[in-house]
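Novice: Okay, so Swiss-Prot annotates it like this:
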type	residues	note
DOMAIN	7-248	domain 'ABC transporter'
BINDING	Gly39, Pro40, Ser41, Gly42, Cys43, Gly44, Lys45, Ser46	ATP binding site
Amino acid sequence: MASLTKMHSKGLDFFYGDFQALHDISLEFSNNQVTALIGPSGCGKSTFLRCLNRMNDLIPISRVEGEICLDNDNIYDPQVDVVELRRRVGMVFQKPNPFPKSIYENVAYGLRVNGVKDKNCLEDKVEESLRHAALWDEVKDRLHDSALGLSGGQQQRLCIARALAVEPEVLLMDEPASALDPIATQKIEELIHTLKQKYTIIIVTHSMQQAARVSDVTAFFYMGRLIETGDTEVMFTRPGNKQTEDYITGRFG
């Protein structure tokens, strides 16, 4: 693989019991790029996203064939530490899910789990993470208030800060703005542009406009298959596949 490739799947099949949800997915994700996964509901894009940090392991009847590599190491090898994998490949979910703790503790929790105990180090890392998530100025005077008192958009940025605190290399985002208003959505999108300078970002979105605004590369999924992938501008102006064109132009979906 090219040295710029941070993560890739090769011949990936995924099953829920006897049902095959993903068919032969081969896709590369480059360093410091945003890749948008698009496609109609049920097409497999979120299932694929959850394969990238083995969240689907939590489903007893699930099964994976093929491989997914992070820095050319197969994340499904038996010796892989899944907790460490999920530190390296962080995830932000569709609905903000802060812990019922203070703003400070939401960010510090993952650091403590990963062995950080020094108070000064924790404080520095919490501030740094909140700054990276563009939230510090809004919460710096109420760090010990409940995170549940934040607005939806602030809660989502807190969840991003929580993911960033443990220094991931890849950030997965499953429709991170779908539950937010337009102003909060704009802040999340601006944040994605900033974060890609440091991270590889993979985002699932139902919004064609959002995919066009935030991503460098777009991958179109349909009925569990990867139909087309390429430069976002090209995909949205000159798609190479009729199914891609029909979906992007709203003929189905």
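Positions of Cβ are set from backbone N, Cα and C atoms, glycine also.
What's the neighbourhood like for each of these?
Specialist: Neighbour density for Ser46 (ATP binding site): within 10 A of its CB lie 20 other CB atoms from the protein chains shown.
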Novice: Relative to the Cβ position of Pro40 (ATP binding site), how many further Cβ atoms are located within 10 Å?
Specialist: 14
Novice: Please work out which residue of Gly39, Gly42, Gly44 has the most C-beta neighbours within 10 angstroms of its C-beta, and give that one of the binding-site residues.
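Specialist: The residue with the most neighbouring Cβ atoms within 10 Å is Gly39.
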Novice: Using a 10 Å cut-off, grab the number of neighbouring Cβ atoms around the Cβ of Ser41 (ATP binding site), all chains included.
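Specialist: For Ser41 (ATP binding site), the 10 Å Cβ neighbour count is 8.
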